[in-house]
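Annotation comment: TrEMBL describes 1-18 as compositional bias 'Acidic residues'. Annotation source TrEMBL lists compositional bias 'Basic and acidic residues' at 19-30. What TrEMBL records for 1-37 is region 'Disordered'. Here TrEMBL flags 67-88, 114-141, 153-174, 194-213, 317-337, 357-384, 396-417, 423-445, 466-490, 496-517 as transmembrane segment.
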Amino acid sequence: MAEEPTEPIADDLVEDVDAEKKEASRKDRPTGSVHFGDSDFDVEDEYGDATWGEVCSACCTHTPAEWGWLFVGIVGVALLLYFFLFGLDLLGNGAKVMSGCKAGELFGDDTNPIAGLMIGILATVLLQSSSTTTSIIVSLVGDEDGTIGVEQGIYMIMGANIGTSVTNTIVAMGQMGDGDQLERAFAGATVHDMFNFMSVAILLPLEVITHYLKHLTEAMVKNANPKDGEKWEGPVKKIVSPLGKRVIIVNKSVTKSIANGSKDCEDFYPMSCEGSPTYKSCGGKFGLIACDKEHNHCPAFFSETAEAKDDKVSGGVVFFIAIMILFTCLLGIVTILQKMLLGMSTRIIYKATDVNGYIAIAIGAGLTMLVQSSSITTSTLTPLVGMGALRLEQMFPLTLGANIGTTMTGIMASLVSDSIDSLQVALAHLFFNVTGIIIFYPIPFMRKLPLFAARRLGRATRVWRGFPLVYIGVMFVLIPLLMLGISAMFEEDTKGFTVLGSFIVILIGLALAYLVYWCMYQDGREKCYTCMTARERKRVAIKELPDDMEFLKARVAALTEHTGLSTEEEEDKD
């Protein structure tokens, strides 16, 4: 008799536990609070503000078992982050080896501002590092032969500022498996693009008309006296580069020598090494892939019998391996962080990451100075935006700070070059970014422009998952190549090329005018939306076809069993 009441009580407890486990929506909670992992999770919604006491309580109040899992998660994230940075290092080195000769050929005699801008974009996309591009530009401006003028160097620096954002856009594509994450991650990556594009759209014409950056920096370096010094290497590179140097080492002198016209790519081959290949046995003379001078060893992809095409293939292989490492580590980091944040209220997370915008700019600049790469800073933050732990409004000032921090590499390179002109170009890079921030951040209305554009691009990935590939191909390859080609026609200074260039410009102008007319008055945007939606539906249908077939088979079998059709068929056969 005493045991009978315990059964309904136990059943109620089980039901309560099951109900708690099934809560996957804010609607299921009495308070309406939103937690990570909810089915209706949306970072754009406003959830109210938490107190710092709640933040401290959520972060510091755990059971011993929870502390143990947190420790394992933190160690796992740190380990994956190391290999993520290692992958970024390989990505840049592979791109430099694969495209170093072509990138060097882009730099040359003085060209018009548009050509200089496009050269900066293409060189940075090929080298996968604005720091490397700016260092080359600075060294060429400071060259005794005057390979590049100050004004031309400023235009190329503007292009490098745009090209650097392609890396974190590639990283955002690593979250293609989840539509919500891809939308947020792509918006977080392209807010950097939009700021750079908008800044160039305003400041490039202003510089062409007034030369304000040239005059401002010229006044600043009037009595400057840069001296030769040692190159500073950030602590993150010191941690990552030893492993990277075991795989591949870039001979940066190849790109610089080709850029200043002193050598061609083939002049670095064949190499001559005595005995086992080391830095000393090869005499310190290498092709695109070099050996480590400090430790006197050669990397895994070095071959003393290699030709230029062999080293380029090695660079391509390293680039592919780097992409695989990046996407694998990205998936691991996001998965672990989601497990750690699962069930935590978004009010707590957003309070903990809610930093004043100007302080966030300073944080972004400081981090980038440490890692000496804006790509590393923005690429590391992009997954956090994708998973919803960092809002787009918080990502924006951090990327602005990264733009400031990356200019320090050029300034340090100019100090090593012992040239007033190179220091002037490096300072122009700094003040270009500072001017852009002054235009687009302090005024709320202007601040919304890059944020709005980035959100629209993020939503485009929701319509069609292939949009990021098209965006990268068009914005960072096709348009720069087209503009550079048209500029080259006018630079030839012959009637034939001038007429051809003018004809192409007219055709492009007419095509753009028709595109605007088609979008605004012939339902072009709706047609484009319908086309991309149809492509995405087809992709999803093909992907889910096996599961749908299994589901239909199960339903047909259940229906057959329920209606007894199989029994009737057997009777008819008899």
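From the backbone N, Cα and C atoms, a Cβ is placed for every residue, glycine too.
Contact counts against the transmembrane segment (423-445), taken as Cβ pairs under 8 Å, peak for 194-213 among the stretches 67-88, 194-213, 496-517. Cβ atoms under 8 Å from those of the transmembrane segment (67-88) belong to residues 167, 236, 239-240, 243-244, 322-323, 325-326, 329-330, 332-333, 336-337, 339-340, 371, 373, 375-376, 379-380 of the same chain, restricted to positions at least 6 beyond its ends. It is 466-490 that, among the stretches 317-337, 466-490, 496-517, forms the most Cβ pairs under 8 Å with the transmembrane segment (114-141). Counted over residue pairs 6 or more apart, the CB atoms of the transmembrane segment (466-490) and the transmembrane segment (317-337) come under 8 Å in fewer than three pairs, which marks the two as apart. Listed as Cβ neighbours of the transmembrane segment (317-337) (distance under 8 Å, sequence separation of 6 or more from its ends, same chain) are residues 73, 76-77, 80-81, 83-84, 86-91, 93-95, 97-98, 170-171, 174-175, 177, 181, 247-248, 301, 383-384, 386-387, 389. Long-range contacts of the transmembrane segment (194-213) within its own chain (CB-CB distance under 8 A, at least 6 residues past either end) are made by residues 113, 117, 151, 154-155, 158-159, 161-162, 164-165, 396, 399-400, 403, 428, 431-433, 435-436, 439-440, 449-450, 453-454, 457. A Cβ distance under 8 Å defines the sequence-distant neighbours of the transmembrane segment (357-384), meaning residues of its chain 6+ beyond its ends; these are 81, 84-85, 88, 92, 128-131, 164-165, 167-168, 171-172, 174-175, 185, 188-189, 192, 233-237, 330, 333-334, 337, 390, 394-406, 408-409, 437, 441.
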